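> Sharing the record's features from Swiss-Prot:
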{"type": "MOD_RES", "residues": "Met1", "note": "N-acetylmethionine"}
{"type": "TRANSMEM", "residues": "24-44", "note": "transmembrane segment"}
{"type": "TRANSMEM", "residues": "52-72", "note": "transmembrane segment"}
{"type": "TRANSMEM", "residues": "102-122", "note": "transmembrane segment"}
{"type": "TRANSMEM", "residues": "128-148", "note": "transmembrane segment"}
{"type": "TRANSMEM", "residues": "152-174", "note": "transmembrane segment"}
Amino acid sequence: MDLIPQQLKAVTLTHVRYRPGDQLGHFLAWISLVPVFISLGGFVSHFLFRRELQGIFFGIGLVISQFINEFIKTSVEQARPETCTLLEACDSHGWPSSHSQFMFFFATYFSLMGCKGIGFWFGLRSRWIMNLLHWSLAVVTMYSRVYLGYHTVAQVFAGAALGGIVGASWFWVVNSVLYPFFPVIEESVLGRWLYVKDTSHIPDVLKFEYDNARAARKDMDSAKSD
């Protein structure tokens, strides 16, 4: 007896199609993968090389936001636009857009970090440039999901609104509720083993690390010469 093959499902976050010969669609397909690049290239690299509690909780917030998105999608069960048949994406729901929610969470949280002076900020001008970059990527990602046919306009705006709300709410939780416990996390067995730290209380952490790295190198050179 022959087995009837079942329809395969795709991972919606990385499943991107565009019309052959459509250069704009090709570009926007890559833009749609920005959340993946941020997740893997950004936060994984940050944890490996920085171990900052602010960055770790930033990443945790994005994961929580994704779970909220999936819960709402499976509860509302609003279908994607008719183009989902051509895109082979009709097996997943469309409201709200997870890509839009991810990017607007990221842009909102990042902007609030800048307003609070957390992270590597080089001055007011650079802060505006960084915020412009992140908000531009968020808007273009939202547009790409409509252009490529994965979502309706209402679905991407719903994702953007939800991402902004969840991002702002999580920022408040981290910096008002959890922040007093950062020293406890740093001094815990797991925190000391993983070398996690919090430098958000340092006004110019980039200069602080630069000066300390140079001082440490000078001390090493002096020790070798003795």
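Cβ coordinates are placed from backbone N, Cα and C, and glycine is handled just like the others.
The structure displayed is predicted, hence computed values, not measured ones.
Describe each of these features in terms of where it is and what it packs against.
Within the chain, the transmembrane segment (24-44) has long-range Cβ neighbours (under 8 A, six or more residues past its boundaries) at 13-14, 16-18, 55, 58-59, 62, 99, 102-103, 106, 137, 140-141, 143-145, 147-148, 150.
Residues of the same chain lying 6 or more positions beyond the ends of the transmembrane segment (52-72) and with a Cβ under 8 Å from any Cβ of it are 39, 43, 46, 95-96, 98, 101-102, 105-106, 109, 113, 118-119, 159, 162-163, 166-167, 170-171, 174, 178, 182, 185-186, 196-200.
Packing against the transmembrane segment (102-122) from elsewhere in the chain are residues 34-35, 38, 54, 58, 61-62, 65-66, 130-131, 134-135, 137-138, 141-142, 159-164, 166-168, 170-171, 175, 200, 203, 205-206: each is 6 or more residues past its ends and has a CB under 8 Å from a CB in it.
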